[in-house]
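Peer 1: From TrEMBL, for reference:
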- A:Y124, A:Q186, A:N209: NAD(+) binding site (BINDING)
- A:S233, A:Q255, A:H258, A:H323, A:D356, A:E410, A:H415: substrate binding site (BINDING)
- A:Q255, A:H258, A:D356, A:H415: Zn(2+) binding site (BINDING)
- A:E322: active site, proton acceptor (ACT_SITE)
- A:H323: active site, proton acceptor (ACT_SITE)
Protein chains: 2
Amino acid sequence: MQVIKYPKRKDWNQILSRPENNVEEMAELVNQVFEQVKNDGDKALLKYTSLYDGAEIDSVEVSLEEIEASESLVSQELKNALTVAANNIEKYHSSQLTKPELIETSVGVSCWRKFTPIDKVGLYIPGGSAPLFSTVLMLGIPARIAGCKEVVLCTPPNKDGKINPVILYACKLVGVDRVFRIGGIQAIAAMAFGTETVPHVYKIFGPGNQYVTAAKQEVTKKGVAIDMPAGPSEVLVMADESSVPEFVASDLLSQAEHGADSQVILISWNETLIKDVAIEVEKQLKSLTRKEVASKALANSKLILVGKMEEALALSNLYGPEHLILSVKNEDDLLNGIQNAGSVFIGNYTPESAGDYASGTNHTLPTNGYAKSYSGVGLGSFMKSITFQKISEEGLRNLGPVIEVMATAEQLDAHCNAVSLRLNKIKAKS
Amino acid sequence: MQVIKYPKRKDWNQILSRPENNVEEMAELVNQVFEQVKNDGDKALLKYTSLYDGAEIDSVEVSLEEIEASESLVSQELKNALTVAANNIEKYHSSQLTKPELIETSVGVSCWRKFTPIDKVGLYIPGGSAPLFSTVLMLGIPARIAGCKEVVLCTPPNKDGKINPVILYACKLVGVDRVFRIGGIQAIAAMAFGTETVPHVYKIFGPGNQYVTAAKQEVTKKGVAIDMPAGPSEVLVMADESSVPEFVASDLLSQAEHGADSQVILISWNETLIKDVAIEVEKQLKSLTRKEVASKALANSKLILVGKMEEALALSNLYGPEHLILSVKNEDDLLNGIQNAGSVFIGNYTPESAGDYASGTNHTLPTNGYAKSYSGVGLGSFMKSITFQKISEEGLRNLGPVIEVMATAEQLDAHCNAVSLRLNKIKAKS
């Protein structure tokens with residue numbers, strides 16, 4: 001782990017630079033797969049599942065029986081844990097429901113907006129050695145609260161064509177409508193364009209490898225929305241002498257074990273703490289199953305010593321971390337100054353993994369600096385707002401002339417006429 | 001204008017199909033300009049301004065003096081109109097400010113989220129014969145309410161290198177920080193990557209021609225957010241016998257005059273109304289300055305007769321119009337059923353042009369069917385949310401075991417350790 005002491009402001013950007021992602025180079029492959037799926041539908045899905053996942057499957061949809069059967073294949077302990085997490089996620093996201101509020105902007109001019117569900121949404125859950133069922137909860141629960149009519153989920157099968165039962169159980173728990181055993185670019189294509197079996201959706205959510213990321217980016221050009229652009233996961237910890245090196249180390253490692261490209265940064269104004277954390281990281285690393293992955297991530301990680309708290313805050317805002325952990329004595333001094341971050345974890349007893357799984361907040365967050373312009377997934381990600389307005393005769397009598405002047409200045413006659421004709425009618429009546 | 005009577009449901013998609021846009025074909029040109037602007041900065045901007053706008057300019061920034069001078073070049077009548085519109089826009093968008101609400105998802109687990117401004121935003125205003133100052137209000141005012149620190153605006157100059165004074169006056173009125181006389185792909189490139197003079201921004205807003213649209217789409221792959229994908233403007237009117245054919249015709253023409261590719265649709269269950277509107281459209285069209293443009297748009301427009309109101313609603317939801325006008329007797333029967341639309345205008349005295357200019361709602365709306373998944377621009381478009389959470393010792397004692405079980409099942413040891421270490425410490429203390 002690289003220790004950087006008192007970096008000069010001119011070097012900050014370089015110190016905080018992230019690896020470039022090469023989503024663009026994959027555009028050609030992505031478009032090839034898109035064309036095949038558009039032309040051959042399910043047949044193309046079976047072909048790519050054989051090619052990329054090494055699984056020979058007959059049908060892409062997971063049967064209701066298979067989903068039902070998952071219940072008996074998951075331990076009661078895990079089912080209980082999922083229920084607790086789901087309840088918290090439901091409680092937090094439900095609090096984001098809003099009611100339309102009518103605003104009378106001027107006399108007789110009433111405006112309001114209403115959030116309505118996105119009718120059809122698609123969730124993507126990556127494959128791999130471990131079943132990422134937590135993401136099923138994080139995406140499926142707000143989709144249900146929003147009231148999305150059709151919630152479908154794609155996830156790649158293992159070599160036997162099966163989906164991990166915990167994934168299926170989580171789908172059942174949150175009420176996903178249909179599950180498809182497909183992954184990669186072909187899954188994104190199927191949800192974007194539809195096939196005989198897979199319905200097309202209006203918005204696609206969820207993490208994935210670089211192929212999935214590139215495919216999601218590409219569908220935005222074809223009328224399908226996505227949750228947000230993706231990048232490697234990352235954490236930035238700000239800590240002072242009040243923090244526990246053991247805890248800080250465990251948080252840094254939580255992030256490092258995600259992938260070799262994970263970004264891990266500690267900023268402190270206490271040199272002893274930095275030393276202690278570095279020692280603890282080495283110690284804890286040894287016992288991790290994923291220690292090789294974590295080691296690679298740590299090789300790019302940075303422990304930054306700064307002169308004072310304000311500098312740490314400025315560095316953090318410049319970076320815009322996905323996860324930000326504040327392990328400091330006077331957190332209130334920092335909280336108001338945080339401008340760019342996905343999710344903030346406060347105090348010694350709030351590990352990032354709480355938010356990853358069970359506290360209730362969403363774990364689908366902007367990374368790669370996108371926290372400067374994107375929000376994490378929330379209930380609103382599954383809805384869109386519609387604006388409404390209703391103007392009375394009196395309202396138009398007052399506001400009409402303003403519209404006429406502006407429309408005329410923009411040389412849009414018909415826009416002006418639409419008001420003038422109405423004003424004439426109102427005058428004729430009175 | 002094409003009249004379609006009682007279309008069968010299987011034909012709905014075809015009837016409502018929109019022209020394809022060819023944003024992708026421009027990717028090569030866009031990337032060429034991007035490279036030049038990245039490499040040569042301002043020099044490239046001057047070159048492209050000469051090439052594409054036919055203007056030889058020395059500097060890309062509009063001076064403060066020029067902005068100040070605009071005030072005396074705009075009529076008092078127009079200034080007054082802008083003030084009224086600005087006040088309504090401010091009132092409506094201010095109502096969208098929210099305060100963080102703390103949710104205790106379970107004992108000792110507190111979660112909340114806070115909306116913070118996007119620090120740096122860029123607004124794009126197209127050039128052309130008419131100055132689109134209304135869009136300056138629609139984007140600049142919410143940017144200011146949100147608290148964006150740096151609000152810059154790009155708009156192409158005329159052949160003399162000048163910007164229309166009404167645009168500059170609007171910039172001054174809403175408090176845009178810096179104005180640049182550049183347009184097209186080069187303007188989007190400048191705001192995305194920055195040059196010696198133009199600061200780079202985190203999010204780019206505003207309408208534009210197909211080049212601007214393609215450039216905006218492309219920057220999303222390079223870490224810059226955009227308001228939404230763009231497409232030709234469109235209106236769908238639902239009307240019954242209670243509507244006034246003259247008014248409906250003027251609303252259809254308001255849309256048609258925007259551009260030859262504008263989409264204009266009327267749906268009614270009253271055949272007489274459809275006939276009357278068609279006659280009125282022809283009559284009003286004759287006197288429009290932009291009648292050639294409007295005629296082209298009308299050639300693609302559709303007057304659809306359906307059997308009953310419910311069908312009209314279903315067609316409208318399938319289409320997801322940018323603007324939806326409800327000119328019907330029993331609007332309440334329809335309002336709850338509207339699922340997909342950008343902005344809805346209710347009743348005989350609410351022309352679309354009210355929302356375009358002055359009622360207070362935003363006129364930057366999802367078109368091209370994006371209303372199925374995107375919201376229009378609002379205050380939230382200039383902000384992003386940050387999630388916060390704080391867990392007490394008691395909270396972690398309760399929730400910790402749940403996290404441990406889930407992290408273990410996802411094979412993420414370090415995630416589990418981050419909790420276990422803390423639970424051990426809590427146990428040791430008690």
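Here the Cβ of each residue, glycine as well, is placed from N, Cα and C on the backbone.
Locate each feature and note its surroundings.
Peer 2: Listed in sequence order, A:V33, A:V37, A:A44, A:L45, A:Y48, A:T49, A:Y52 are the same-chain residues six or more apart from A:Q186 (NAD(+) binding site) with CB atoms under 8 A from its CB. The secondary structure of A:Q186 (NAD(+) binding site), as reduced to three states from DSSP, is helical.
Shown in sequence order, the list is empty: the chain has no residue 6+ apart in sequence with a C-beta less than 8 angstroms from the C-beta of A:E410 (substrate binding site).
Listed in sequence order, A:P232, A:S233, A:V293, A:A297 are the same-chain residues at least 6 apart in sequence whose CB falls under 8 Å from the CB of A:H258 (substrate binding site).
Listed in sequence order, the residues of the same chain lying 6 or more apart from A:E322 (active site, proton acceptor) and placing their CB within less than 8 Å of its CB are A:S233, A:E234, A:V235, A:A341, A:G342, A:S343, A:L365, A:P366, A:T367, A:N368, A:A371.
Less than 8 angstroms from the CB of A:H323 (substrate binding site) sit A:S233, A:E234, A:V235, A:L236, A:Q255, A:A341, A:G342, A:S343, A:F345, A:E352, A:G355, A:L365, each of them six or more residues away in the same chain. The secondary structure of A:H323 (substrate binding site), as reduced to three states from DSSP, is extended strand.
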Peer 1: Specify the secondary structure state of A:E410 (substrate binding site) as given by DSSP, simplified to three classes.
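Peer 2: Its secondary structure by DSSP: coil.
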Peer 1: Quick check on the binding-site residues A:N209, A:S233, A:Q255: which one has the highest count of other Cβ atoms within 10 Å of its Cβ?
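Peer 2: When each Cβ's neighbours within 10 Å are tallied, A:Q255 tops the list.
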Peer 1: Rounded to a whole number, what is the top Cα to Cα distance in Å among the residues the record ties to substrate, namely A:S233, A:Q255, A:H258, A:H323, A:D356, A:E410, A:H415?
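Peer 2: Per the listed residues, the maximum Cα distance equals 55 Å.
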Peer 1: Mind pulling out which binding-site residues among A:Q186, A:D356, A:E410, A:H415 sit under 8 Å from chain B, Cβ to Cβ?
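Peer 2: Near chain B, the qualifying binding-site residues are A:D356, A:E410, A:H415.
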Peer 1: Validating a neighbour-count step here. Other CB atoms within 10 A of the CB of A:Y124 (NAD(+) binding site): how many?
Peer 2: 27
Peer 1: Same chain, not part of A:Y124, A:Q186, A:N209: whose C-beta falls within 8 angstroms of the C-beta centre of the NAD(+) site? Give them in sequence order.
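Peer 2: My list of surrounding residues reads A:P126, A:C154, A:P156, A:I182, A:G183, A:G184, A:I185, A:A187, A:I188, A:G208, A:Y211, A:V212, A:A215.
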Peer 1: Tally every other Cβ atom lying within 10 Å of the Cβ atom of A:D356 (substrate binding site).
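Peer 2: By my count, 28.
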Peer 1: Under a three-state reading of DSSP, tell me whether A:D356 (substrate binding site) is helix, strand or coil.
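Peer 2: Its secondary structure by DSSP: helix.
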